[in-house]
């Protein structure tokens, strides 16, 4: 999106595969994982609609984990991190996309942090080191509450 969309609520979808090509391009109605970059969307939006039971909810927030775990922890694994503060501290800007990758990795184990080094260098050039540092800090600071079983 161009600068006219920056700051506006946006819903996007990603499919992740180890080796198989992903040919489907439609929206996802029942995601396994929901990552919320803007904490206000948890309150005003229906961003968790369709999240599969047993799925993972990752939220950028200043609120403690228990605030969300008490509401959602019986259906989903819940993870929280203050990615906004990390992005401001490490990157000097309030853009949390790359920072939230660290939270995603911590909460799901979908990838190793090192897998992002080369793509970040390719995408961000000289800024890759700062983006990697923000990801690592988010990984370290993400708090995860496993799904309540039984």
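Heads up, the Cβ atoms here are built off N, Cα and C, so glycines get one too.
Automatic, uncurated: that is what TrEMBL annotation is.
Taking TrEMBL as the reference, the stretch among 1-24, 25-48 described by the feature region 'Disordered' is residues 1-24.
For the domain 'Pyruvate/ketoisovalerate oxidoreductase catalytic' (1-140), the model's average pLDDT works out to 88. Residue counts for the compositional bias 'Polar residues' (11-20) under DSSP (helix as H, G, I; strand as E, B; rest coil) come to 0 helix, 0 strand, 10 coil.
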